[in-house]
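Asker: A single structure is presented below for examination.
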Amino acid sequence: MAGSRRRGLQARVRPLFCALLLSLSRFVGGDGVGGDPAAGLPHRRFEYKYSFKGPHLVQSDGTVPFWAHAGNAIPSSDQIRVAPSLKSQRGSVWTKAKAAFENWEVEVTFRVTGRGRIGADGLAIWYTENQGLEGPVFGSADLWNGVGIFFDSFDNDGKKNNPAIVIIGNNGQIHYDHQNDGASQALASCQRDFRNKPYPVRAKIIYYQKTLTVMINNGFTPDKNDYEFCAKVENMIIPAQGHFGVSAATGGLADDHDVLSFLTFQLTEPGKEPPTPDKEISEKEKEKYQEEFEHFQQELDKKKEEFQKGHPDLQGQPAEEIFESVGDRELRQVFEGQNRIHLEIKQLNRQLDMILDEQRRYVSSLTEEISKRGAGMPGQHGQISQQELDTVVKTQHEILRQVNEMKNSMSETVRLVSGMQHPGSAGGVYETAQHFADIKEHLHTVKRDIDNLVQRHMLSNEKPKCPELPPFPSCLSTVHFIIFVVVQTVLFIGYIMYRSQQEAAAKKFF
């Protein structure tokens, strides 16, 4: 009975997965986004001299290899507490050597935890020409030359737009506007809550072909690759050589700002030769490392022999639990199909975010161009008419609305898939079937919205035609209305008189 139920679930997953892939191919097939993802990916090379990760993060003297910490930063074996949960604390950690990468990527894993509903002040990830060991900008120095990604948890300007992630660049001559949270200096931003999450928050910062992109994993799931788009800055010019760093600060309110890992990768464009490896170690160092390896290998063999002598009952037992049954294999395939659907939906959600960002930028630039042409050249011949430009702007707004609707629909689908992965034991089959039906309905909605979006885009140059007004219905005449009011009043007075007589007759018996 259980095997038939699993086969039924698997039969439902396969057509749903095919429908999802069909919808994705129709959406991304036109502009080449859905091509081979590995064709244009850059080559990634891990740079250990600009990275740290636990365990055994610190040495015996309390220092972190290749890094320098300052202020109230506290390194430990598995993390670096950049700023503790005490008032008015500042701390930072910086690479000792400068990085000379044309393109790079960093993955930072951190936690920001506190007992209050509101935190302060926040954490910052830096790439600057010089080290800012201590200062007023999230624990680092002001007037930096480079870029900073600020995880601001306190609302200084009172606009209720925090916690937020803000990208701010500087050429070494601009003071940070701390009172307004750098709103006038921000190149891009997004609102994400990164405090008190069940899992560590992960930030992926990519600088590739002069474009800075920030991806965020909010820490709601243990999936390390569950990133979503946050912000992007094009034509970003940063110093050719610089230091990577992390800083944090507290004010009247205090949070613990812990950095668990900082991983740096050098990126090389496809078609170019990857960077040359570092110089090989000398023969003397090789012999030293070989002796240490042999010593550790002998100790391991000795420990194995001691364990086998002390636990003879654990030897020679058959490992039957290693092999899975037919039912377990079918259930695993069902869950793998669900996970693939979940990942595809996440990918589509990220692409929709990026398209929405591009459309907003295009609409803003088009609106500015319309205002300039309307103010400077109102009577010039040969230009596009104001009505046609308004039609284009309205079409772009309609596209934005359709994309938002698709995004909401995909979010609802993700919620259903997450709930489907934990069905109840008693009514699991019925609830799972119901979830599949809901997911199919949402996928059809997304497909229909995409078709409408394509049709609206093709017909955007045509002039819109207003529909004809329906015939105006006949209204109630004044005479009929007066007659109706008089009849209703007479009936109401008669009812009151009848009720009074009944109450008077009832009082005679008492």
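Glycine is treated like the rest: Cβ placed from N, Cα and C.
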Asker: Please identify which of D181, D193, D223 is recorded by Swiss-Prot as part of the Ca(2+) site containing D152, F154, N156.
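Answerer: Between D181, D193, D223, Swiss-Prot records just one in the Ca(2+) site with D152, F154, N156, namely D181.
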Asker: Besides S88, N156, H178, G251, G252, L253, which of D121, D301, D313 does Swiss-Prot list for that carbohydrate site?
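Answerer: Matched candidate out of D121, D301, D313, per Swiss-Prot for carbohydrate with S88, N156, H178, G251, G252, L253: D121.
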Asker: Which is it, of 103-114, 211-222, 427-438, 499-510, that Swiss-Prot names as region 'Mediates interaction with RAB3GAP1, RAB3GAP2 and UBXN6'?
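Answerer: Region 'Mediates interaction with RAB3GAP1, RAB3GAP2 and UBXN6', as annotated by Swiss-Prot, spans 499-510.
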Asker: Give me the sequence-ordered set of same-chain residues, not including S88, D121, N156, H178, G251, G252, L253, with a C-beta within 8 angstroms of the centroid of the carbohydrate site's C-beta atoms.
Answerer: A120, F154, A249, T250
Asker: Can you grab the distance from S88 (carbohydrate binding site) over to C190 (disulfide bond)? Cα atoms, rounded to a whole Å.
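Answerer: Rounded to the nearest whole number, the Cα-Cα distance is 26 Å.
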Asker: Spatially speaking, which of the recorded positions C190, C230, Q501 is closest to L253 (carbohydrate binding site)? Use C-alpha to C-alpha, please.
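Answerer: Spatially nearest to L253 (carbohydrate binding site) by Cα position is C190.
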Asker: What three-state secondary structure does DSSP assign to Q501 (site 'Required for ER export')?
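Answerer: DSSP assigns Q501 (site 'Required for ER export') to helix.
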Asker: List the Cα distance (Å, whole number) between D121 (carbohydrate binding site) and C190 (disulfide bond).
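Answerer: D121 (carbohydrate binding site) and C190 (disulfide bond) have their Cα atoms 17 Å apart.
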